[in-house]
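**Student:** First the structure, then my questions, so here it is.
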Amino acid sequence: MVSKKQKFLTVILVIVLAIVIVGGVFGISFVKGRVTFPWQLQNSEAKTEQVKEPAKEEPKLVIKEKKQDESAKKEQELKKAKEEAEAAVEKETEKTEEEPVDNLLNDMKLKYYGKLAVEGSHLVDADGHEVLLMGVSTHGINWYPEYASAETIKSLRDTWGINVIRLAMYTSDYNGYCVAGKENQEKLKDIIDDAVEAATDNDMYVIIDWHTLNDADPNEYKADAIQFFGEMVRKYKDNENVIYEICNEPNGDTTWNDVRRYANEVIPVIRNVDAIILVGTPKWATDLDSVLDKPLDFDNIMYTYHFYAGTHHKAERNALRDALDEGLPVFISEYGLVDADGDGNLNEKEADYWYDMIRKEYGVSSCMWNLSNKDEGSAMINADCDKLSDFTEEDLSESAMWLIDQISQLKHSDLEQGVDWITPENNNR
């Protein structure tokens, strides 16, 4: 039987053991942090906030640093791209200066339409569609035969895109056809023959121009003209691209009646073939009023009008406009952007007015004066250039570059469809 004392000691021992066990458990939990005691709660929350706050800030710092790195990288890439672009532009500029001007035209060429005719006031193709001839006039082939060469004609067709060239053969000036003997006549005809062949090979029209000038009245050498054009027609009867200009610029006291009398005798010789014939008008090819009063009674006839932008302005444009509105068929076989004497500075403002009128308003065909390297404002080749082809910008005058620019502005559809380039413009200029 257990005594009271033993029972008491046993209870005491159990209590001590319980205290030891519970204390051990709490001690271990406290050290490992698995149990949170009430007195630990406030401190634990504070520590949690301290831990959480850096967790919010650290991603921001990382993102900001990343953005800065990306921004710096983009700036480097942009700088590199800009340097490469500038280098490319500089290289292309050098290339443009060295290469022929065909790059300016993107290889566009004015259309060749085949056989032409005159209907009303318009030059048309075989289907009756209006056409546009744009090109150049040589200076006198008596002085500058080299620019009527096959090399030059092919180059201008390929690089400038023109579709007509006018061969200015002077009749009474230096080495003129009518004043320098038979041998000279044969040389001039050989030049024409080579040029006609080159134009034909390159799908171009060619104007054979009986270039009267100091012989103010074309009747002075009428017999020579009849003989010459008779020979030309027999030689080129099968060339539908040949156009005949029977006199250049009647001047002085020459009247339209004088020109009319001359034309009535020369035209029948050419009319043996149904070619286009251009007839010069009085007062240096500016008097269309006289023609309106008494036009010629032939088919496929056009009347020439000449202007120089430095000399001829609004009054002359109005005179041409009146004639065109009356239905007179006009061909501008010679024009320049400088003064009427062929020299002086380019008058670009007036030139643009003229061009807008003759091309956009009326679609009048034209040839710019002059294809040579003569030291004067109207020459298209610079005086220090002796090349005959593959001209660069440095080789060309302002007049030539203006013409190339005008051709380059024509739309592709304009070149192929003919009438789309006729756009009414403001007439008050």
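From the backbone N, Cα and C atoms, a Cβ is placed for every residue, glycine too.
Sharing the feature lines straight out of Swiss-Prot:
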- 1-34: signal peptide (SIGNAL)
- 46-94: compositional bias 'Basic and acidic residues' (COMPBIAS)
- 46-100: region 'Disordered' (REGION)
- E249: active site, proton donor (ACT_SITE)
- E334: active site, nucleophile (ACT_SITE)
**Student:** Please report the distance from the Cα of E334 (active site, nucleophile) to the Cα of E249 (active site, proton donor), rounded to the nearest angstrom.
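**Tutor:** The Cα atom of E334 (active site, nucleophile) is 10 Å away from the Cα atom of E249 (active site, proton donor).
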**Student:** Look up the residue listed as 'active site, nucleophile' in the DSSP assignment and reduce it to helix, strand or coil.
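**Tutor:** It is in a strand.
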**Student:** What residues, ordered by sequence, lie under 8 A Cβ-to-Cβ from E249 (active site, proton donor) and sit at least six positions away in the same chain?
**Tutor:** T212, L213, G280, W284, A285, H306, E334
**Student:** Measure from the Cβ of E334 (active site, nucleophile) and count the other Cβ atoms within 10 Å, all protein chains considered.
**Tutor:** 27
